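Swiss-Prot feature annotations, pasted as is:
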- 1-225: region 'Pyrophosphorylase' (REGION)
- 6-9, Lys20, Gln70, 75-76, Gly135, Glu150, Asn165, Asn223, Arg328, Lys346, Tyr361, Asn372: UDP-N-acetyl-alpha-D-glucosamine binding site (BINDING)
- Asp98, Asn223: Mg(2+) binding site (BINDING)
- 226-246: region 'Linker' (REGION)
- 247-446: region 'N-acetyltransferase' (REGION)
- His358: active site, proton acceptor (ACT_SITE)
- Ala375, Asn381, Tyr382, Ser400, Ala418, Arg435: acetyl-CoA binding site (BINDING)
Amino acid sequence: MEGIILAAGKGTRMKSDLPKVVHEVAEKPMVLRVYEALVGAGVKRVVAVVGYRKEKVEEILRGRAVIAVQEEQLGTGHAALVAMPYVEDENVIIVPGDTPLLKASTLQALIKKHLETGAYATVLTCFLSNPYGYGRIVRDGYGKIIKIVEEKDATLEEKQIAEVNTGIYCFNTKILKEILPLLKAENAQKEYYLTDVIPLLLERGKVVETITIQDETEVYGVNDRVQLARLTKGVYRRKAEALMQEGVTIIDPETVYIGEEVVVGSDTVIYPNTYLEGKTVIGSGCRLGPNTRITDSVIGNNTEITFSVIIQARVGDEVNVGPFAYLRPGTEIANGVKIGDFVEIKKSFIGEGSKVPHLSYIGDAVVGKGVNIGAGTITCNYDGKNKWETVIEDGAFIGSNTNLVAPIKIGKNAVVGAGSTLTEDVPEKALAIARSRQVNKEDYVK
C-alpha cells in the first residue's frame, strides 16, 4: 500500500503567508503528523502533493516523501491526478494534509477493510452531531453508498444527513488512474472533486465499501486559527490523560501543555501553566510548576521546579529549582543542588550539594561539590571576544556581590569575601578579599 497526502492548498481562512499544512499542532506541523500516521499504518511509500509555497512543505517532508507539484489548485481530484504517475502499488490510500489527530490504527483498519473486501474504493466515514461543512454520504434504500455530495452542492434534504465523508479513502490504483481523467468541474467551486470518483465507479459496477470511525475528533480538519487551537488542545488533552493513567498527577489538565514525546515518571505532580516540550524526560516523584517551561531536558527523581525555564539541560535527583530560575543549554545540575530565585546558569556544571540561592549568573563554569555561592555573584565569562571558564572547587564559599573575572580558579575550601572582584586564582583554603577598605569619617554630617 502506498499513500498520497493532499498538501497543496493555501488555506485562505488561516490568514497566513504559509501553507495551511505547515502550521503546527502541539509542536509538530500538521502534514508531518499525517505522514507519521501513514507510516505507522504500514504504508511503505508516500507521495505528497504540494502547491502553494511548495518549498515550505518540501522542507518538512524532504527525505521522507516523494513530492508531486500541483501548479494550479484545481481541487482534490486534480491533486490525486497529479500524484498518479508516482504511484506504483496496486492500492493507494489518500489522506488530507490537515487532519493532524488521525491515528495510525484508524488507517490500518481502513486498509484492512479495503484489502479484505477487494473493493475498488473504500471510504472512511463518520457521524457528526454538526456536519456543517463536510461532504455527506448518500446511501440507497439498502444502505449502499451511492454518492458523496459536498456541502455547497447539497440539497436541503442531503444537508440533514449526519454521516460525512472524512476525505480519507483507499482506491485500487489501476481503476483510479482510469477514472480521474474523466472528472468534470461541474460544481459550485468549479473544481475537480475526488468524491466524484465514487459514483463513476458505481456506474461501472465496481464495489465501493465504507468503514465508520467512532472518534470524530480524529478526522477534524483545520480551516482557520480557531480550529487549529482546538485541535492543538486535543493533542495536549490526549497526552495528559495518558500520563494520568500511568500514575502522574496533573492538577488541571486544561492548563498544562505536554508534548507527545515527553516522558514523565509516576507520582510526579504537575501544576497549572506548565509546558513540557520536545524530548524532555521527567523522573518520578517530581513537582513541576506552576508557570514552568522545560524543553529538551532530563530531570531526575524527586526534584522540584517552580516558576522557572529550563532548556536543553540535565538536572539530577532531589534538586530544588526556582522560583524564577533560568537554566540554559549545556547546563548540568548534580544531585541535591539548590538553584534559587533569579539565578541564570549557562553551559555550566554545578556539583552535588552545592547552592546558588539568589540573584546570580553562572556561565561557562565548573562548580564542585558543597559549594555555596552568595547572592549577586557573577561569573564574568566574556571579554568582548571570547568566553572563558570559571572553576570553583569543592567546598568553596563565595561571598555575596562577588565578580569572578574569568579565566579564574577558586581552590578547595577557599573563601571569597563579599563584595570582591577577583581577577586572579585563589589557592585552597585561602581567604580572598578584593575590595576597598571601609573608611568612617566621624562628624561628617553637620
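Cβ coordinates are placed from backbone N, Cα and C, and glycine is handled just like the others.
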Out of Tyr361, Tyr382, give me whichever of these binding-site residues has the highest number of other Cβ atoms within 10 Å.
Tyr361
If you measure Leu6 (UDP-N-acetyl-alpha-D-glucosamine binding site) to Asp98 (Mg(2+) binding site) at Cα, how many Å is it?
8
Through the lens of DSSP with three states only, how would you label Leu6 (UDP-N-acetyl-alpha-D-glucosamine binding site)?
strand
Counting across all protein chains shown, how many other Cβ atoms sit within 10 Å of the Cβ of Asp98 (Mg(2+) binding site)?
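For Asp98 (Mg(2+) binding site), the count of other Cβ atoms within 10 Å is 28.
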Going by C-alpha distance, which of the binding-site residues Ala8, Gly135, Arg328, Tyr382 is nearest to Asp98 (Mg(2+) binding site)?
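Checked the binding-site residues Ala8, Gly135, Arg328, Tyr382; minimum Cα distance to Asp98 (Mg(2+) binding site) goes to Ala8.
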Reported as an integer number of Å, what is the Cα distance between Arg435 (acetyl-CoA binding site) and Arg328 (UDP-N-acetyl-alpha-D-glucosamine binding site)?
31
